[in-house]
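Residues annotated as active site, proton acceptor in TrEMBL: Arg317. The active site, proton donor annotation in TrEMBL covers Asp604. Among the features that TrEMBL reports, glyoxylate binding site is placed at Arg317, Glu404, Gly429, Phe430, Leu431, Asp432. Residues annotated as domain 'Malate synthase N-terminal' in TrEMBL: 21-79. TrEMBL lists 157-189 with the feature domain 'Malate synthase G alpha-beta insertion'. As annotated by TrEMBL, domain 'Malate synthase TIM barrel' applies to 314-537. Sequence annotations record features per position, and here TrEMBL assigns domain 'Malate synthase C-terminal' to 566-645. If you look up TrEMBL, you'll see Cys590 marked as cysteine sulfenic acid (-SOH).
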Amino acid sequence: MREDREVMDRAGLVIAPPLATFIEERALPGTGLDPAAFWSGVAALFARFAPENRALLAERDRLRAAIDGWHRANTFDPAAYHAFLTDIGYLVAEPAPFAIDPGRVDAEIATMAGPQLVVPILNARFLLNAANARWGSLYDALYGTDALPGTPATGGYDAARGAQVIAWAKAFLDEAVPLASGRWADWTGGDPVLADPAQRVGRAGDTLLFRHHGLHIELVIDRAHPIGATDPAGIADVRLESALTTICDLEDSIAAVDADDKVVAYANWLGLMQGDLTASFAKSGATRTRTLAPDRTYTAPDDSPLTLPGRSLLFVRNVGHLMTTPAVRLPDGSDAPEGILDAIVTSLIARHDRGRNSRTGSIYIVKPKMHGPAEAAFADRLFDAVEDLLALPRHTIKLGLMDEERRTSANLAACIHAVRHRLVFINTGFLDRTGDELHTSMHAGAMIPKAEMKTSTWIAAYENRNVQIGLACGMSGKAQIGKGMWAAPDRMADMLDQKIGHPQTGANTAWVPSPTAATLHATHYHRVDVFARQRARSAETPAPLADLLTLPVAEAGRNWQADAVRAELDNNAQGILGYVVRWVDQGIGCSKVPDIHDIGLMEDRATLRISSQHIANWLLHGVASPADVDAAFARMATKVDVQNADDPLYRPMHGNEASSLAWQAARALVFEGVDQPNGYTEPLLHRFRAARKAADAQ
Ligand SMILES: CC(=O)SCCNC(=O)CCNC(=O)[C@H](O)C(C)(C)COP(=O)(O)OP(=O)(O)OC[C@H]1O[C@@H](n2cnc3c(N)ncnc32)[C@H](O)[C@@H]1OP(=O)(O)O
Ligand SMILES: O=CC(=O)O
Ligand SMILES: [Mg+2]
């Protein structure tokens, strides 16, 4: 795209016009920063960090080649393998005991426990919904999902379903805010007497505000409301404080391949920081405009005013160290490292916050896909330099560390140490982590099927060590120890059943895919006292490193049944095609893709990394032949075409293989999968998406 466009020279950098215009006309004004000084500072920053960034990527390649070579030459032996990893610098020395020291951090991160929502930043409508997901209706979340058995009848309010919802919600109140005597189901109104009167912390009109485990609950009393009118106590809803924090994602859930895409993302982040983001859209036959929710006001029991945040505390997830962007060209003519650009621009934009988001004046950046402590230290120094560029006090920019690459998990304490002055979370991104597990040991042998991966030794050790090491580094009360995504957005009953496991491990947050999921997951933090769990677990020792380094390779001589192999290939090919076709053809970076059983699963680049690496591994080790894989792709292309038949923008793949860039991208991800850097999907996705955009522009 860039070649066809006018370009702008700024301090020796070639900046794509939409980005230069956005920065000069929207991001810089109001910050007090001088544009000329800003650009020369940006140029200096790229000059300093781009070579180091490249060197870190070269180090990834060196280690990868060494590990591949070792597996080709050796039969696996745990002790020899451990010694080899130490020898090549993959494993580094543990730091002496220390405690993180991130300075002023908002309570939502440091001292509260609750859900963390993730939202693709390119979608303003979703973004606003996410920011406003601090509060959610428990009645709505239960009524409209499979959280309760059965489905509501169509054509108006289903009173029987409503009764189920109300019974569930009142039983929940019995646990979270029990009455001094009796049950909430029997309460008929008036002034409720709580078993612990201190739980009642305010009211707004007739609505009562309670607090439990640091989270607020609104009991909405409104006898004029259709639901309240039928309730003996006039209860119209139970509203829960839900997504305490939200990650606005510039990374794996979006498709941003050029300056135009990046500017949409940055502009949405600016709208959030300035508080004026809006989105208008048609829903149920009417045009709606969505804005950011205001704070909520109450009267405390002592009649003083009480204000609570109406919005989730926002993080922004930058991209990792791998990709470059055509939005900025360096003096040597190369595209600039995209992670450096994100660090600069998202921090610049966050200077507009002025307490609307962070009440402590912090900027919260999630840094994904870092491999080991040297890369974490690089991010730390980069953030120092960005603070200097933007005249921000040292360590204003806080860092959320994704523990999602094997070299980071294996050296977690050293990674935390490298960013200890700004660390505000570690999170087990188990999806990328699984992709890296597959890729790192690609040449060790054929991997077990994906379903078996969930119960393998390495993953249990990974989840355990993340919490234990986080606690040992003094994170409790200062930062989040986080758990991964619930990737089945429509399966809320299963989520209610299983995701309580996250707070039970001592994690004070875990990822959810939607506001509804946030409200339902919030109930888990009422059921589990996370900080008590952290205290209890502090005495435990982490699972051994040897367990973490246990390879998920199938046993020698495994009898690969043809129908099981075919089912695994179909499952992976379906997910790949269903996701990639929307990414490449329509620029949709996160989709609910129906699986082979037509259950919608959240697919993003991390799930794509797993599926593509898994097939690539089976191809490499002869579990499947190229013909088997192509047959699976052909079968699944037809299925995906049918599943998307109602989408007017959809381009069918079956019958159009020669012209379908999506089809070609999907095949390349698998057939060239062994050679993709660390098994990442973004280089190929970007290439094919850019080609699609170029073709569409003609
Ligand atoms: C491995 C990783 O990196 S995981 C992190 C990356 N993944 C993500 O960010 C996933 C975030 N989730 C999503 O993008 C979406 O939920 C999807 C794509 C999975 C499903 O989207 P859809 O099929 O459109 O969802 P669905 O039809 O069930 O619900 C749409 C409604 O829920 C809202 N919604 C759904 N997900 C979100 C979200 N993450 N944030 C805010 N609102 C959301 C929408 O705004 C919409 O409501 P509206 O009509 O009032 O605007
Ligand atoms: O980013 C999250 C993951 O699981 O990967
Ligand atoms: Mg990830």
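Glycine residues also receive a Cβ, built from the backbone N, Cα and C atoms like all the rest.
Here the structure is a predicted model, which means the values were calculated and not measured.
On the structure: features taken from TrEMBL.
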| residue | record | CB count, 10 Å |
| --- | --- | --- |
| Arg317 | active site, proton acceptor | 25 |
| Glu404 | glyoxylate binding site | 27 |
| Gly429 | glyoxylate binding site | 26 |
| Phe430 | glyoxylate binding site | 24 |
| Leu431 | glyoxylate binding site | 23 |
| Asp432 | glyoxylate binding site | 29 |
| Cys590 | cysteine sulfenic acid (-SOH) | 25 |
| Asp604 | active site, proton donor | 26 |
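For the residue listed as 'cysteine sulfenic acid (-SOH)', the nearest neighbour among the listed recorded positions (Gly429, Phe430, Leu431, Asp432, Asp604), judged by C-alpha distance, is Asp604. For ligand 3, no neighbouring recorded positions occur among Arg317, Phe430, Cys590, Asp604, by Cβ distance under 6 Å. Separation of the C-alpha atoms of Glu404 (glyoxylate binding site) and Arg317 (active site, proton acceptor): 14 Å, rounded to the nearest whole number. Residues 138-139, 142-143, 147-151, 195-196, 199, 210, 212-213, 217, 219, 221, 226-227, 230-235, 238, 523, 526-527 of the same chain lie 6 or more positions beyond the ends of the domain 'Malate synthase G alpha-beta insertion' (157-189) yet place their CB under 8 Å from a CB of it. Taking CA atoms as the reference points, Phe430 (glyoxylate binding site) and Asp604 (active site, proton donor) are 13 Å apart. Here the Cα atom of Gly429 (glyoxylate binding site) is found 13 Å from that of the residue listed as 'active site, proton acceptor'. With Arg317, Glu404, Gly429, Phe430, Leu431, Asp432 listed as the residues that bind glyoxylate, the site has a largest C-alpha separation of 16 Å. With a cut-off of 6 Å between Cβ and the nearest atom of ligand 1, the recorded positions Arg317, Glu404, Phe430, Asp604 reduce to Asp604. Closeness to ligand 2 is met by Glu404, Gly429, Phe430, Asp432, these being the recorded positions among Glu404, Gly429, Phe430, Asp432, Asp604 whose Cβ falls under 6 Å from the molecule.
In this structure, the C-alpha atom of Arg317 (active site, proton acceptor) lies 16 angstrom from that of Leu431 (glyoxylate binding site). Look at the domain 'Malate synthase G alpha-beta insertion' (157-189): DSSP puts its residues at 21 helix, 1 strand, 11 coil.
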